């Protein structure tokens, strides 16, 4: 189950990544590479991480016209990443095009990357969604709508809050992948995310994967913090 614990490499460049990963010599991680790091270092950072034996969630949240997304996904699949994502708000045609691009670009003999969609960012509150985005639904209804559309479009799952997982299991079934960021240890600050949970709570609510950033990357001892999160996520009593 440790491979369903994703560590967010929210760093500005490769030097910071190298320094962080020194704490994990010999440990094969599942890491998330986001916009900041990928836009700075480009595909070379993916090659570097793959050579180290790590699995990669390339978190670029594509949202564009279908043809552009298809072409972009073809390129991303050729990098041999393990997971990618789009914004569900891009619509069904765009999401279907994403899958087509991944199938065309995947390396020979390998499965395409897992493809998930963002429903609502964990920084989005219901008030913000209604007043600023203009969606006149409850947050739960909006997330469920996007999740259902995602499944119908052939994607593997969604990025969502842990709090939304039980409802999505009802709507989309137990095989539908739920990747949940906003994970913090109980002692941590929540920072800029509104809908957060502990690893233990994420496990109880049925998340497929959890994404953990600052609780590990900003810890005085990242390896020990990783082990603590892993134990809580796996339900290990120490």
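A Cβ is built for glycine as well, from the same backbone N, Cα and C atoms used for every other residue.
In the three-state DSSP assignment, the secondary structure recorded for residue 61 (active site, proton donor) is strand. Sequence annotations record features per position, and here Swiss-Prot assigns active site, proton donor to 61.
Neighbour count (other Cβ atoms within 10 Å of the Cβ, all protein chains): 18 for residue 66 (substrate binding site). Residues annotated as substrate binding site in Swiss-Prot, with sequence analysis given as evidence: 10, 32, 59-68, 122, 184, 193, 213-214.
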DSSP-derived class (H/G/I helix, E/B strand, else coil) of residue 66 (substrate binding site): helix
Cβ neighbours of residue 10 (substrate binding site) where a neighbour is any other Cβ within 10 Å: 17
Where residue 122 (substrate binding site) falls in three-state DSSP terms: coil
Residue among the binding-site residues 63, 122 whose Cβ has the most other Cβ atoms within 10 Å: 122
